[in-house]
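Okay, so here's the structure we're looking at.
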Amino acid sequence: MSFNKNNPNPMGKIMGYLKQLSTEMGGSDQGRRVQNDEERLYRTRGPKYARVPSRPTLSASTTCTSLATSCGSQGTLSPNYATIPEIVSTESSSEDEPDSLENTRRHFQQLRQISLGNEFKYKMEMEIQSAKEDNLRNSVPYVKQLSTENNKTKADYTINGDGPTFGAAPQALYLWTQVFAAIAVSMGSLIVGFTSGYTSPALPSMNATLAITNEESSWVGGLMPLAALIGGIVGGPLIEYLGRKKTIIGIAIPFFLGWMLIATAFNVFMVLAGRAFCGICVGIGSLAFPVYLGETLQPEVRGALGLLPTALGNTGILLAFFFGTYLNWSHLAYLGAALPVPFFLLMLAAPETPRWYFTKGRAEDARKALQWLRGRNTNIDKELTALALSQEDSNRSGGNALGLIFSRKYMRSVLIALGLMLFQQLSGINAVIFYASTIFKMAGSTLDENVCSIIIGVVNFVSTFIATAIIDRLGRKMLLYISSVSMIITLVTLGAYFYVRAVGIDLSAYGWLPLACLVIYVLGFSIGFGPIPWLMLGEILPSKIRGTAASLATGFNWTCTFIVTKTFHNIIVVIKMYGTFWLFAALCIVGLFFVIFFVPETRGKSLEEIEKKLTGSRRIRINSSKQTQNAC
């Protein structure tokens with residue numbers, strides 16, 4: 001039977017009218033259900049989710065294009081239905097049309113496709129919205145970790161619950177091991193400072209007991225820098241062949257013997273022998289301490305803890321001055337002999353540097369030492385791999401360390417180290433400190449020269465701790481800038497003061513000016529050019545030549561110290577006091593330009609990064625298998 005309104009059969013005609021009425025009001029039950037679902041979606045979700053109406057007048061081709069655009073553009077496959085040609089009407093114009101039922105079936109298929117398309121699009125949009133929320137929720141912990149300061153402890157987070165853990169930075173939790181190593185090494189610097197400051201309070205009582213001449217007194221004070229020059233030369237091969245730790249421990253014994261020779265001396269030759277022993281240890285320690293700390297400390301704390309030897313060295317000077325007011329030269333020497341004992345015991349507990357173990361092919365010992373320094377539960381694989389690759393690159397260069405020092409590859413690093421040592425001494429600091437009392441007398445200061453010397457010593461002591469607190473915030477170069485500018489201004493002012501006084505102008509009302517200038521001068525030197533050249537000695541020298549180059553730089557430093565100190569009086573005779581200060585100021589200006597154009601900033605950089613920048617070595621890449629798997 002043909003269901004058509006033109007069918008002469010009454011039942012067929014009734015069914016035809018019912019079919020037409022059903023089509024105009026929404027089609028089949030499925031179509032009405034689709035329309036109701038769309039209206040419900042419009043009410044609950046808004047017009048955003050009701051873009052494709054489920055009306056029978058909408059063509060199938062238009063519907064499929066709309067669905068493909070809205071769903072397919074999101075990167076997800078849309079339902080794959082066959083394209084249905086557009087149907088203008090479902091009514092038949094003739095009762096004899098044989099495919100009337102087929103047209104009706106096609107129309108119902110259209111409505112079903114539209115219904116499924118709307119449902120699919122709604123699900124797709126909800127899934128996309130849910131995915132966006134999940135991605136944002138899972139990305140928050142990682143963003144928080146990136147924005148949190150390194151020295152704060154952060155909780156562990158995972159990406160999507162199954163990725164690699166982004167743990168807290170280990171520095172704050174395991175910092176005590178690195179602090180212990182820095183304190184152990186710095187105890188040796190305390191002995192160095194005590195040795196340097198010993199002669200000033202000890203010589204008066206020594207002259208009364210041993211009846212030594214002025215020439216012998218000058219040798220008691222001047223023998224130590226000369227012996228330190230020898231120690232600086234032999235120290236480089238020692239730290240390369242014996243190791244950093246063994247060399248540092250080894251100087252405790254000569255220190256003890258030297259002080260015992262001085263304490264029990266019954267003639268000046270025993271005193272000179274003891275000073276020679278101590279001077280050699282001073283030269284070895286002055287190059288071994290920064291190398292050890294540079295290879296054991298992490299970049300985040302290398303600046304602050306790397307200045308600890310300088311701070312304790314100044315403490316040793318004050319210790320000698322303080323106890324020298326109450327003890328004679330012999331008892332003061334016994335105190336010096338006691339200082340190497342805790343130094344020796346602390347260094348026994350400290351590890352050897354991992355980098356030296358790698359130079360000797362002892363990878364397992366390097367792992368144990370690095371694990372001790374970074375903490376038992378810290379993952380050290382990345383740092384250990386970087387050390388191994390750096391050593392492999394160093395071994396590939398080949399050659400003897402002594403012959404490589406002035407090769408083109410390492411020339412820049414060596415010249416920067418030598419330049420910093422040169423301008424440290426050409427600033428005139430040792431001449432100013434050693435002859436501070438003489439300067440105050442020549443300036444006609446109204447203040448007591450001994451009190452002024454004590455004030456300068458205290459400023460030198462305090463300023464190093466200031467540098468320790470700010471070096472990792474401002475950086476090495478910024479402190480060198482501040483140091484250079486402050487020394488230039490104060491030296492020019494001192495030179496002008498002496499020049500005006502030399503022409504006969506009364507400056508008694510400005511008797512405080514020399515002390516103020518020298519205090520600012522010492523403060524500027526002690527936060528920059530004083531400690532930083534020694535700190536950078538352990539940072540900028542490549543591992544292949546570190547020991548030999550450090551030996552060269554240390555010997556060069558002590559040579560400059562001896563020359564500047566010895567020729568200070570001769571320079572004053574030739575160009576007067578004001579000319580001497582202006583000469584030092586001019587040299588400080590040259591040193592400032594040297595820092596600006598040649599000295600790199602090393603704050604926060606690993607030794608491998610610094611070496612690559614200065615030598616142009618290949619980039620070190622670390623791709624662990626786990627990272628590769630995660631990437632895949």
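Glycine too: its Cβ is placed from the backbone N, Cα and C atoms.
According to TrEMBL, the feature domain 'Major facilitator superfamily (MFS) profile' maps to 181-603. Mean pLDDT, taken over the domain 'Major facilitator superfamily (MFS) profile' (181-603), works out to 87 on the 0 to 100 scale.
Sequence annotations record features per position, and here TrEMBL assigns transmembrane segment to 173-198 (among others). For the transmembrane segment (173-198), same-chain residues at least 6 beyond its ends with a Cβ under 8 Å from one of its own Cβ atoms are 153, 224, 248, 251-252, 255, 278-279, 281-282, 285-286, 289, 292-293, 296-298, 301, 305-306, 308-321, 324, 332-333, 335-336, 339-340, 342-343, 346-347, 349-351, 372-375, 378.
Residues or ranges marked as transmembrane segment in TrEMBL: 218-239 (among others).
Residues or ranges marked as transmembrane segment in TrEMBL: 248-266 (among others). Non-local neighbours of the transmembrane segment (248-266) in the same chain are 185, 188, 191, 210, 238, 242, 273-278, 280-281, 284-285, 288-289, 292, 329-331, 333-334, 336-337, 339-341, 343-344, 347-348; each lies 6+ residues outside the stretch with a CB under 8 Å from one of its CB atoms.
Positions annotated as transmembrane segment by TrEMBL: 272-293 (among others).
Marked as transmembrane segment by TrEMBL: 305-326 (among others). Residues 178-179, 182-183, 185-198, 200-202, 289-290, 293-294, 297, 332, 335, 339, 454, 457-458, 460-461, 464-465, 467-468, 471, 526, 530-531, 534-535, 538 of the same chain sit 6 or more residues outside the transmembrane segment (305-326) yet have a Cβ under 8 Å from a Cβ within it.
Within the chain, the transmembrane segment (332-350) has long-range Cβ neighbours (under 8 A, six or more residues past its boundaries) at 180-181, 183-185, 187-188, 190-191, 194-195, 198, 201-202, 245, 248-249, 252-253, 255-256, 259-260, 262-263, 274, 316, 320, 323-324. Residues annotated as transmembrane segment in TrEMBL: 332-350 (among others).
Residues or ranges marked as transmembrane segment in TrEMBL: 414-434 (among others). Same-chain neighbours of the transmembrane segment (414-434): 405-406, 456, 460, 487, 491, 518, 521-522, 525, 529-530, 532-533, 536-537, 540-541, 545, 549-550, 552-554, 556-557, 560-561, 563-565, 568, 580-581, 584, 587-588, 590-591, 594, 598-600, 614, counting only residues six or more beyond its ends whose CB sits under 8 Å from a CB of the stretch.
The transmembrane segment annotation in TrEMBL covers 454-471 (among others). Residues 303-304, 307-308, 310-311, 314-315, 317-318, 321, 433, 436, 479, 515, 518-519, 522-523, 526-528, 530-532, 535, 603 of the same chain lie 6 or more positions beyond the ends of the transmembrane segment (454-471) yet place their CB under 8 Å from a CB of it.
Here TrEMBL flags 478-500 (among others) as transmembrane segment.
Taken from TrEMBL, the feature transmembrane segment applies to 512-537 (among others). Remote same-chain residues near the transmembrane segment (512-537) are listed as 286-287, 289-291, 294, 302-303, 306-307, 309-311, 314, 416-417, 420-421, 423-424, 427, 429, 432-433, 436, 439-440, 443, 445-447, 452, 455-456, 459-460, 463-464, 466-467, 470-471, 476, 479-487, 489-491, 493-494, 497, 550, 553-554, 557, 591, 599, 602 (criterion: CB distance under 8 Å, separation of at least six residues from the stretch ends).
Here TrEMBL flags 549-575 (among others) as transmembrane segment.
Taken from TrEMBL, the feature transmembrane segment covers 581-599 (among others).
Here the transmembrane segment (581-599) has Cβ contacts under 8 Å with residues 415-416, 419-420, 423, 426-428, 476-477, 480-481, 484-485, 487-488, 491-492, 494-495, 498, 529, 536, 571, 575 of the same chain, all six or more residues outside its ends.
For the transmembrane segment (218-239), the most Cβ-contacting stretch among 272-293, 478-500, 549-575 is 272-293 (pairs under 8 Å).
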